[in-house]
Amino acid sequence: MAGQLGVLNALDVAKTQMYHFTAIVIAGMGFFTDAYDLFCISLVTKLLGRIYYTDYTKPKPGVLPPGVQAGVTGVALCGTLAGQLFFGWLGDKLGRKKVYGMTLMLMVGCSLASGLSFGSSPKSVMATLCFFRFWLGFGIGGDYPLSATIMSEYANKKTRGAFIAAVFAMQGFGIMAGGIFALIVATAFDHKYKVPTYEENHEASLVLPAFDYVWRLILMFGAVPAALTYYWRMKMPETARYTALVAKNAKQAASDMSKVLQVELQAEEEKVQHIVENKSQKFGLFSKQFAKRHGMHLLGTTTTWFLLDIAFYSQNLFQKDIFTAIGWIPPANEMNAIHELYRIARAQTLIAMCSTVPGYWFTVAFIDYMGRFAIQLMGFFFMTVFMFALAIPYDHWTKKENRIGFVVMYSLTFFFANFGPNATTFVVPAEIFPARLRSTCHGISAAAGKAGAIVGAFGFLYA
């Protein structure tokens, strides 16, 4: 029924124009920031352990206690889950644009606050960091349903999948940017402070308070891209589907899209009234009609995202431990604090550059030709194949001469996660639910994914 409205039909059949790319960049920069903020913590946990938990009488530098590491690594995911549910619901109540601005300001403030975490003891610093990272995650959570819904409602039918996937693909650049910025900071401090390895001189391998600024700078940098996009986000008009079908303002929808599409559109107030008053279009989220029409859709989007994120987040957040286990990163006592950060950041950047980012853009290129189902099935299949290939002959991969093979196989799991279910689980919920419930249902689906990420993060850590 919604397709009968002239304004929505104009959006569906519109040729690809500059405003499409503007929307991708504006919505995508949110995802760039999300990925940076979520994954940059994995770069600095080893450094945090050295700074706050090193006992110089021990032969190895300090590490975060398991409970503290679980909190620091996983608390943002808990915040993200809560934010996805809350802001997903709010996006359908107040509108995509208004809520979008709220999430962005929360992300800017909490990125800065994370870097300013304070306290007189290691325990109080970690507690403060966890507090701000929870609320940072809460803001990030809102970005998932709102970015997806806005792009879905701006896109045309022909290339909708590619446009939504392109927004999500900015996540790859965010992960890569985290690694690159950490490399820059580590290089700068390494040039400034020439320090020995921990093995050579326990105390001299860590320069305090100078090295305490390193992790703070890395966390705070996440505020920069978020702040830069705020102005452009606020300039974007509300989506026509929300304005017409949820806010019931046909005149405003036509006016907004006339400017965007640069064509004259009529305000079809009677037609909007007829659509919104149609009883078959009034069912709520907890109604029998929703369960009958979209129950299986919601079950599918939640379970696939949940299962994917168990693997995807445990792999991403604990790359450094995997690389240490196979010997790609030397033992901690053979490095100083800054060299360890440099090695971890370099490994993450290489994986992102060679497999994570290309995987996202393969999805963008092929999703509207291969279809969502085929890409998702293919991605899950090859992730399973490569993970078994790494896990079953594990002793083979720990040998020095086989390390390159391990890294190649490990990279392929990331490639097929992103040229596969990591992208499609984001795209599908933005397309198949009705406009008045779209943001809520995407938030529920994404929250199921974050529940999987929490299982993966805490499960991997304690395993």
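The backbone N, Cα and C atoms fix where each Cβ goes, glycine too.
Remember, TrEMBL labels are computer predictions, not curated facts.
If you check TrEMBL, you get these features:
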DOMAIN    23-463  domain 'Major facilitator superfamily (MFS) profile'
TRANSMEM  21-48  transmembrane segment
TRANSMEM  68-87  transmembrane segment
TRANSMEM  99-118  transmembrane segment
TRANSMEM  162-189  transmembrane segment
TRANSMEM  213-232  transmembrane segment
TRANSMEM  349-367  transmembrane segment
TRANSMEM  373-392  transmembrane segment
TRANSMEM  404-423  transmembrane segment
TRANSMEM  443-462  transmembrane segment
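Long-range Cβ contacts of the transmembrane segment (404-423) within its own chain (Cβ-Cβ under 8 Å, at least 6 residues beyond either end) map to 165, 168-169, 172, 304-305, 308, 311-312, 315, 322, 326, 328, 351, 354-356, 358-360, 362-364, 366-367, 375-376, 378-380, 382-383, 386-387, 389-390, 397.
Mean pLDDT across the domain 'Major facilitator superfamily (MFS) profile' (23-463) comes to 88 in this model.
For the transmembrane segment (162-189), the list of distant contacts is 20, 23-24, 27-29, 31-36, 39-40, 43-44, 147-148, 151-152, 154-155, 210-211, 214, 217-218, 221, 225, 316, 338-339, 341-342, 344-346, 348-349, 352-353, 356-357, 359-361, 363-365, 367-368, 418, 422-423, 426-427, 430-431: same-chain residues at least six beyond its ends, Cβ to Cβ under 8 Å. For the transmembrane segment (99-118), the list of distant contacts is 30, 33-34, 37, 83, 87, 90-91, 124-126, 128-129, 132-133, 135-136, 138-143, 146-147, 150, 215-223, 226-227, 229-230, 233-234: same-chain residues at least six beyond its ends, Cβ to Cβ under 8 Å.
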